[in-house]
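What follows is a short report on a single structure.
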Amino acid sequence: MTTSTRGAHRTPAVLVLEDGRIFRGRAYGAVGATFGEAVFSTGMTGYQETLTDPSYHRQVVVMTAPHVGNTGINDEDMESRRIWVSGYVVRDPARVPSNWRSTRSLDQELAAQGVVGISGIDTRALTRHLRERGAMRVGIFSGNALPDEGTMLAEVRQTPEMSGADLSAEVATTEAYVVPAIGEKKFTVAAVDLGIKGMTPHRMAERGIEVHVLPATATVDDVYAVEPDGVFFSNGPGDPATADHPVSVMQGVLERGTPLFGICFGNQILGRALGFGTFKLKYGHRGINQPVQDRTTGKVEVTAHNHGFAVDAPLDQVSDTPYGRAEVSHVCLNDNVVEGLQLLDRPAFSVQYHPEAAAGPHDAAYLFDRFVNLMEGQRA
């Protein structure tokens, strides 16, 4: 529920966690009430890309950077058609942006899209609380006549948890569309949209790939109707344990031996397709400064992450799967979480992080080239 935003920055707001911890501040964006899973992002920049990343659907994002909104909002850096976060939490927002590309303030954009936020709270204390207690349900309430604390806490505890949530179909396209190759067309890729970011097909298009973006409900027949040279499974929100349909489609692709690449949720789908389990991380990886090691080369990359679940695969051995041998290709150096998988007997691999770098470092851009190399090898 959201209401008017006029004078919102003077309106009281309360953030209520499901364990009873309460933070008081001022409204930011729309005024009203919102609910979701409280998570924190450590990125110092890229807030516009974060807000419009469909993987954040049904999450209330806490920004650890103290100043947010300095460069306003523009029409070029959107990663999807709308803001997907359920709520937004900042310490010290910039009310007057300063950037030559800015067309409006972040506050105005949040208000226009009905996103309830809160400002002026101790985001460092909140982040530490989430790090120690784990991601949890949360509510943001703002207005001049707020309910009592007991009522607000009861409302938070009635909201659904992220575990068991099947959300891809809520954010994915409902109609297939094509992103044309930039320059000479070299390959055709079928991209299954589980919550795809706009920069991902663009990175492929830069490499001469015509990308056919398909709904999350696409079947194996739909995938092969576009006569793809490769198949891609995107990022997306929710619990991978619920994603039985994408897993089935990926297994059909693996059976045919078509080159396959997955990112983020796509990595978890590959893990499940190979017979591995998935699990929920305590507080997840979200930000643009996460160190990951490529175990093939030993190289360490600084990467962009947004995931609250991970694949449960052995780090110290090659695993036998229905599609041949598989191994963990990348690990996070902070906590040894699986950050990539690759098949040794078929042209298929995936990573848990975001090589499209929107926002974030470009250390992992080579993964798109690796996908191209797999498709070239299949033609040879």
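Note that Cβ sites are derived from N, Cα and C of the backbone, with glycine treated the same way.
Annotated features in Swiss-Prot:
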- 1-184: region 'CPSase' (REGION)
- Ser55, Gly236, Gly238, Phe265, Gln268, Asn306, Gly308, Phe309: L-glutamine binding site (BINDING)
- 188-380: domain 'Glutamine amidotransferase type-1' (DOMAIN)
- Cys264: active site, nucleophile (ACT_SITE)
- His354: active site (ACT_SITE)
- Glu356: active site (ACT_SITE)
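Mapped onto this structure are the features recorded in Swiss-Prot.
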| residue | record | contacts (Cβ under 8 Å, 6+ apart) |
| --- | --- | --- |
| Gly236 | L-glutamine binding site | Pro54, Ser55, Leu167, Ser168, Val171, Ala172, Asp193, Leu194, Gly195, Ile196, Ala216, Cys264, Phe265 |
| Gly238 | L-glutamine binding site | His57, Met162, Ala165, Asp166, Leu167, Ser168, Phe265 |
| Gln268 | L-glutamine binding site | Pro240, Ala243, Thr278, His307, Phe309, Ala310, Val311, Gln352 |
| Asn306 | L-glutamine binding site | Ser41, Thr50, Asp53, Ser55, Tyr56, Asn235, Cys264, Gly284, His285, Arg286, His354 |
| Gly308 | L-glutamine binding site | Glu37, Val39, Ala135, Met162, Lys280, Leu281, Tyr283, Gly284, Arg286 |
| Glu356 | active site | Lys197, Met199, Thr200, His202, Arg203, Ile263 |
Taking the centroid of the Cβ atoms of Ser55, Gly236, Gly238, Phe265, Gln268, Asn306, Gly308, Phe309 as the L-glutamine site, which other residues of that chain lie with their Cβ within 8 Å of it, listed in sequence order?
Gly195, Asn235, Pro237, Pro240, Cys264, His307
Using a 10 Å radius around its CB, how many other CB atoms surround Phe309 (L-glutamine binding site)?
22
Sort Phe265 (L-glutamine binding site) into helix, strand or coil using the DSSP assignment.
helix
Residues Ser55, Gly236, Gly238, Phe265, Gln268, Asn306, Gly308, Phe309 binding L-glutamine per the record - widest CA separation, whole Å:
13
